Amino acid sequence: MTSEPQDIVGSGEGTRGEDVHFAPSSGTWSEGSGLLESHPPSNPTTESTVPSSRQRRPFHYHYGSTPTSTSLPAASTTSSTVAASKPKSRRSSVRNNPPDDPQERVLSRASSNEQAMYSRFRYYSRLSTNIGTIPHHVIPAPFFAPLVGFPADERTPIKQSSFITIFAIWSTMMGTSILSMPWAIHKAGLALGIALMVVMTGLCLYTAWRVITLQKTARIPGIILELPALNGYFLGKWAEYATVFVSVFALIGAAIVYWVLLSNFLFHTVSYFHDEITNSTAPVSNGSLFNVICPNITSAPPAVVQQNISAFIEFVEEEQDGFNEFWTLNLTAPLTLVPVLGPLLNFQSPTFFTKFTSLGTLSVFYIITFISIKINKWGFLRNVNFQDATSIHYISLAKPATAHVISGILALALFIHNAIITIVSHQENPKNNKNLQAMFDLLQTRDLIIAYLLVSGTYLIVGLSFYLGFPLSKDCIEDNFLNNFVRDDVLAMVARVFLFFQMLTVFPLLVYVIRTQVFYVIYGSPWPSLFRVIILNCLVITICVLFAIFLPHIGTVIRFSGAFCGMVLVFLFPPMAYLRASKLQGTISVLKIVVHMLIVLFGILNFIMQFV
């Protein structure tokens, strides 16, 4: 297996030629001659050069570069020359040419379907428009199947502007962590929480920048390498496999969080409609005048509990009916999702679900609007007290004992390192002009900085707004702030329904990525068999259901999985790979070693502190 990228040469689907060589950055294509395995490449984008009868050269695919239309050579030959070189028929051009022609030797051993494919290649190369480009439905499917990440959308533009890049980074990082941000700020304290968010943003931004510039810093030519290949190139094969393993671990953590939230949203949505249909009152305790509740009121200090009860809380005691005994948050709801989501995970291609990924952006905007409406009702600074520690509105500026909670959550909330190369590689890149290339590098860095500032700003706006405006004791804030609203709150119900359907379409994509990474490492194929796929899906579902039943706390899951994945992929591998590249280039210094080892140490301590 080699980390050096090479061209991928073939003449069509199922090519059996002597000139077929595969060695992409992930090292998962077979090298040498032989059958073309229909394994997906690490980067589905292609650059094609269509063969012509005049050139007599095989069909080339270059993975890792953006697709471009490659036109045929100018018609400089005379008509007689063209006529002489043009085969009289497909059979004569394929079967009767001299045996010393490598292209014809390949075609002579090709099947009828493969020869038909080659004929279509030659036909499309002579079209008057889009010369050198063939429609996507003609190219064999294996060239488009992704190895890691979400499947490519054929409608995605070949080149993207800075605005699209910034928006893509923002929308990719914005996730379920936004629901835990008020709780995380409360755990760290107002001032310390903001300070840690600034520090984490700076560190994650720096290491992400190192990831996208590492290949250029080390002057590695060829196609763009993804994060596993980069780590394997600089740190060894173990680092490549470790990157894949930790990425899968992060995805499993995200799947657990999604299952817990889906169970939560399903439970409250069904309960809401049940109460509306039966015209019954929800059995709510600790309900307040603002339609917010304090589920963990027993964990608050006694003085705060007493004032909270006397000032805001009214108890509604109601006998549990048969429905509420059967329909439970931590048992019935998680199990109900199994027959709903189970069949959706067994599709070989998740293309259908990618059509709904834009719902994630809409859900973020709705959450911001939802909180803005609630804050306007509560009063933004009306429920804030920095002086009296016994007040139900007391806000602590710093809580060092539990500050590690927000750093663990942010390690996952600001993590995009395994996808950032793919996102920025689609930008316009003036490769042939050194001056423009330097300007492009600056613009790329600017876009990354803006994207990180927008992400942190969004988290901070949502977290601070809810935290400062919450009308009950700040100790009542849940790791999913939607749990602080009574289930008959209309706006909260709409948010739950919206998020439920959005996550229902994203969860199959998460499991799809887990499946492709695991099976490709083990079997060399993302779809070894339906039986193995079902077994893996059952394993993932079992893990998710167990967490939803016994540990339904998304804040805890996010901070532990985030701290572990961040330790490896954010704070360990990027600095170590950069130091290795600097050593190879002869630019390493003591200052570089000290600074980057401090980053590594910070990531390790952040993970250890989650157990304190």
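In case you wondered, yes, glycine gets a Cβ from its N, Cα and C as well.
Positions annotated as region 'Disordered' by TrEMBL: 1-112. Per TrEMBL, compositional bias 'Polar residues' is recorded for 44-53. Residues or ranges marked as compositional bias 'Low complexity' in TrEMBL: 65-86. Positions annotated as domain 'Amino acid transporter transmembrane' by TrEMBL: 161-278, 346-609. The transmembrane segment annotation in TrEMBL covers 163-184, 190-209, 241-261, 359-381, 401-424, 449-470, 490-513, 533-551, 557-578, 590-609.
Touching of the transmembrane segment (190-209) and the transmembrane segment (449-470) is concluded from the presence of at least three CB pairs under 8 A, sequence neighbours closer than 6 excluded. Listed by sequence, the residues of this chain that lie at least six past the ends of the transmembrane segment (241-261) yet keep a Cβ under 8 A from its Cβ atoms are 148, 175-176, 179, 227-228, 231-232, 334, 337, 412, 415, 418, 480, 499, 503, 506-507, 510-511, 513-514, 517-518, 521, 540-541, 543-545, 547-548, 552-554, 557-558, 560-562, 564-565, 568-569, 573.
Here the transmembrane segment (490-513) has long-range neighbours at 148-151, 251, 254-255, 258-259, 261-262, 264-266, 268-269, 272, 291, 340-341, 344-345, 347, 350, 353-354, 356-357, 359-360, 362-363, 366-367, 370, 373-374, 482, 537, 540, meaning same-chain residues at least 6 beyond its ends whose C-beta is under 8 angstroms from one of its own. The transmembrane segment (557-578) makes contact with the transmembrane segment (401-424), as judged by at least three Cβ pairs under 8 Å among residues 6 or more apart in sequence.
Against the transmembrane segment (590-609), the recorded stretches 359-381, 401-424, 449-470 differ in Cβ pairs under 8 Å, and the greatest number is found for 401-424. Tertiary neighbourhood of the transmembrane segment (359-381): same-chain residues 171, 174-175, 178-179, 290, 458, 461-462, 465-466, 468-471, 491-492, 494-495, 498-499, 501-502, 505-506, selected by CB-CB distance under 8 Å and a gap of 6+ residues from either end.
Residue counts of the domain 'Amino acid transporter transmembrane' (161-278) by helix, strand and coil are 104 helix, 0 strand, 14 coil (DSSP-based).
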